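S.K.: One structure is given below, represented as structure tokens, and several questions about it will come after.
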């Protein structure tokens, strides 16, 4: 009877120790999974930052023959395809602005075109000539 009781107690101790080890291993596995998930999120963030930086580098690259960035050339090509002439003053000012994206370049050109259109519609008052 005592032998059976001892075997039962030893069996319970072994089961308790094994379950404790399993819980410890499960906790370590959970911690490692959390760490891997954090690393994956960091990789995704770094990849996004890298793609944004590559886009900025591409937009800032300057064509030495015309001294304009790739985005400026692309927008001017759009105007050329649409048979819209851009005054050289606007182009010179645009090059000096060093705009970063195609949308910025497009907005700048359209703003300048509107300004120059209004400026060129002004007329001299008749009373000013005597």
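The backbone N, Cα and C atoms fix where each Cβ goes, glycine too.
Owing to the predicted nature of the structure, the values given are computational and were not obtained by experimental measurement.
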S.K.: Need the matching range: Swiss-Prot marks transmembrane segment on one of 1-20, 21-40, and I'd like to know which.
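M.R.: Among 1-20, 21-40, the range Swiss-Prot annotates as transmembrane segment is 1-20.
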S.K.: Count up the helix, strand and coil residues in the region 'DNA-binding' (70-130) according to DSSP, in that order.
M.R.: 44 helix, 0 strand, 17 coil
